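According to Swiss-Prot, the active site, nucleophile annotation covers S137. Per Swiss-Prot, active site, charge relay system is recorded for D165, H229, and the stated evidence type is sequence analysis. Sequence annotations record features per position, and here Swiss-Prot assigns disulfide bond to C4-C87, C176-C181, C218-C227, C244-C268, C245-C293, C261-C266.
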Amino acid sequence: FNPCPYSDDTVKMIILTRENKKHDFYTLDTIKKHNEFKKSTIKHQVVFITHGFTSSADTENFLAMAKALSDKGNYLVILIDWRVAACTEEMSGIQLAYYSYAASNTRLVGNYIATVTKMLVQKYNVPMANIRLIGHSLGAHTSGFAGKKVQELGLGKYSEIIGLDPAGPSFKSNDCSERICKTDAHYVQIIHTSNHLGTLVTLGTVDFMNNGYNQPGCGLPLIGETCSHTRAVKYFTECIKHECCLIGVPQSKKPQPVSKCTRNECVCVGLNAKTYPKTGSFYVPVESKAPYCNNKGKII
């Protein structure tokens, strides 16, 4: 009995660029019908976005992130929709009981992303340095598994994987080979926003602890857990739109205010985090309302 079975046929992709914002779904077979995939070379930087448990690629938060990316840097954004294997189509009352099935599908979805990556590299001449993955919750571990698989296939490493509140249950006590891990890409950026659905275990090159684990504006701990878990997606979207929106202070320097930050000791959450010299764990104060920024206009 597997209520949320995985098969390549049930995974779909939405492909967005600045010129083409249609939310059409493609498969490995039909992807060649998309204008970008009719070309012999894809010159865009490519970003994969992968959702988590009981979610889908066409939810408002992920489409907003994709739009921010294509507006900002004319990225080619591939949203991976694995809703069947993520138990999204099951009845809401019993979905939670099926979590372990979705969790065990993450490696298979990761392998799928690696297959698409191989096609991008070998058929469309996209260098691995031009590809990053962003994943939320179970999608963060999926992205990690994709990072392991492309190395296994001899393609090298992705430039970056960004894990947005990686799922804690079934993963937080796993060793590196069974979860997202800092060796899965050249740079692995983790944004932690919850303690039960997510985890406060450090997993990446940099780990940002946003306000600890209970996000402002999300209500009481536990009751606001889903809101806190989802905030990671919203925070990162704002960090794409606003440079240095969220600045991380080294955990060892907490409670040093963000205003005292320099480029050599603090790190800005976002697409440019990897250009900062410091690695490790960072504390990130956040505001309770969008755009959540803590930098008061400061850029380091």
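Note: Cβ is positioned from N, Cα and C throughout, glycine not excepted.
Keep in mind that this is a model prediction, so the values were computed, not measured.
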(request) Out of S137, D165, H229, point to the one nearest C4 (disulfide bond) in space (Cα versus Cα); all of them are active-site residues in the record. (result) S137
(request) Please name which of the disulfide-bonded residues listed here, C176, C244, C245, C266, C293, is nearest in space to S137 (active site, nucleophile), Cα against Cα. (result) C176
(request) Look up C268 (disulfide bond) in the DSSP assignment and reduce it to helix, strand or coil. (result) strand
(message) Near C87 (disulfide bond) in space, meaning Cα within 10 angstroms, which of the recorded positions do we find among C176, C181, H229, C244, C261, C293?
(response) none
(message) Say we define neighbours as other CB atoms within 10 Å of the CB. Which of the disulfide-bonded residues C4, C176, C245, C268 has the fewest?
(response) C176
(request) From the recorded positions D165, C176, C181, pick the residue whose C-alpha lies nearest to the C-alpha of C218 (disulfide bond). (result) D165
(message) Using CB atoms and a 10 A radius, I'd like the single residue among the disulfide-bonded residues C87, C244, C266 with the highest neighbour count.
(response) C87
(message) Near C293 (disulfide bond) in space, meaning Cα within 10 angstroms, which of the recorded positions do we find among D165, C176, C181, C244, C261, C268?
(response) C244
(message) Just to verify: the residue among C181, C218, C227, C261, C293 with the fewest other Cβ atoms within 10 Å, which of the disulfide-bonded residues is it?
(response) C227
(request) Check C227 (disulfide bond) against DSSP and tell me helix, strand or coil, would you? (result) helix
(request) Starting from D165 (active site, charge relay system), work out which of the recorded positions listed here (C181, C227, H229, C244, C245, C268) have their Cα within 10 Å, and give them in sequence order. (result) H229
(request) Please report the number of other Cβ atoms within 10 Å of the Cβ of H229 (active site, charge relay system). (result) 26
(message) Rank aside, I only need the closest one: which of the disulfide-bonded residues C176, C181, C227 has its C-alpha nearest to that of C268 (disulfide bond)?
(response) C181
(request) Measuring Cα to Cα, tell me the gap between C245 (disulfide bond) and C266 (disulfide bond) in whole angstrom. (result) 13
